[in-house]
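Visitor: My questions will all concern the structure given below.
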Amino acid sequence: MSSTVTTAHTAGTGSTVITNIAGLVTNSPSFGRGSPRSSKFESGGASPLGLIQDAAVVIDGDRVAWIGESSKAPATDNRVDAGGRAVIPGFVDSHSHLVFAGDRTQEFNARMSGRSYTAGGIRTTVAATRAASDADLEANLTRYLDEALRQGTTTFETKSGYGLTVEDEARALRIASAHTDEVTYLGAHIVPPDYADDPAAYVALVTGEMLDACAPHARWIDVFCEKGAFDGDQARAILTAGRAKGLHPRVHANQLSYGPGVQLAVELDAASADHCTHLTDADVDALASGRTVATLLPGAEFSTRAEWPNARRLLDAGATVALSTDCNPGSSFTSSVPFCIALAVRDMGMTPDEALWSATAGGAAALRREDIGHLTPGAYADLAFLDAPSHVHLAYRPGVPLVSEVWRRGRRVR
């Protein structure tokens, strides 16, 4: 079968062709089984990466117009030589917490030294974030976004959750929404100390006045459904209230223990259940039978020396898996999707193909997007060049800065 894709797009004035690509990862069903549109990686089947050797891609405006073999590339006004490098879709980081101030180095140092630490965890970041100016919060956010972009991330989701007052949660979302459309209201991160004796009153705030202030600035609503945070009934009330305001649900689920989070996520057709470390067979079956994506966050397990989620179990059951950084100052202070890919392959039972698909097409599925996460005609021209001939090097050479060039919306940005 010819690897050239015929499309309704033709190379137009101002279009660009990138040629001499050693291996182009398309995530296209035309080049393997599975696709970002089906949101399924078919475990045990042919790779869905749709890999084209000696490939070319044509970009017209902000979109992919053509993909295929270099020898069959149409003429364009501009030509870029990839120099025998691999090209992949830009990473889709579908879970991060980037609007915050301060850090928690003391907590990390104590944890790595085996000492107990009781200085506040999330509450430490809440205090620092509340005290920070808008300018400081935006400067921090753009710094971490630039870090991520340099490592190949072209789409990201980020959450509030370090304000926990009406004013501070709305402020965080306003700042985030200036940089991404994928903004999540996480007023239900923890119950703040001033509501410790009356968590029901805080749930009422999260589903009432705070929701009213935050909904205009967000696409998603999230809740930390876990012992010590919000139980299943509270999480249901929060997500249902958000959905009534037009926000789509996501759930921090089953990170620290078995619980109702995953089942609730599937029941409410949440786009994603995130963490998914402690799963029953019923949880796995529910994820495999529904649209909810299991978003795995290996940076958290790495940073906390916790039990790894079992990606192999989820994939073999037919669940859709995404990989994301969970970038936050407490439990996963990394903006590097390549690092998370290496961890997933080394410690979570994923193949290099599965891990890359999950960090691109899987992330797109977790955001219910069909215009990103793959390099096929009509998709956004978001892509990363690797200083390597194959995408496998992302897992094969952990810690090496392999991303050498990044394009977003058809323009080189790094």
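Placement of Cβ uses the backbone N, Cα and C atoms for every residue, glycine included.
Grabbed the feature section from Swiss-Prot, which reads as follows:
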BINDING   H95, H97, H252, D326  Zn(2+) binding site
BINDING   H95, H97, H252, D326  Fe(3+) binding site
BINDING   R104, Y162, H189, Q255, S331  4-imidazolone-5-propanoate binding site
BINDING   Y162, N328, G330  N-formimidoyl-L-glutamate binding site
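Any idea what these are sitting next to in the structure?
Guide: Counting only residues at least six positions away in the same chain, the Cβ atoms of D222, V223, F224, C225, E226, A229, G261, D274, H275 sit under 8 Å from the Cβ of H252 (Zn(2+) binding site).
Counting Cβ atoms from all protein chains shown, H95 (Zn(2+) binding site) has 32 others lying within 10 Å of its own Cβ. The secondary structure of H95 (Zn(2+) binding site), as reduced to three states from DSSP, is coil rather than helix or strand.
Sequence-distant neighbours of Y162 (4-imidazolone-5-propanoate binding site): residues of the same chain at least 6 apart with a C-beta under 8 Å from its C-beta are H97, V99, F100, I122, T125, V126, T129, D168, A172, H189. Under DSSP, Y162 (4-imidazolone-5-propanoate binding site) is assigned to coil, being neither helix nor strand in the three-state scheme.
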Visitor: Could you round the CA separation between Q255 (4-imidazolone-5-propanoate binding site) and D326 (Zn(2+) binding site) to a whole angstrom and send it over?
Guide: 12
Visitor: Which residues, in sequence order, are found in the same chain with Cβ within 8 Å of the centroid defined by the Cβ atoms of H95, H97, H252, D326 at the Fe(3+) site, excluding those residues themselves?
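Guide: Along the chain, the qualifying residues are S96, K159, D274, H275, L297, A300, S324, C327, N328, S332.
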Visitor: Taking the residues Y162, N328, G330 listed for N-formimidoyl-L-glutamate, what is the greatest CA to CA distance in Å, to the nearest whole number?
Guide: 11
Visitor: Which whole-number value in Å describes the distance between the Cα atoms of S331 (4-imidazolone-5-propanoate binding site) and H95 (Zn(2+) binding site)?
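Guide: That separation, Cα to Cα, works out to 13 Å.
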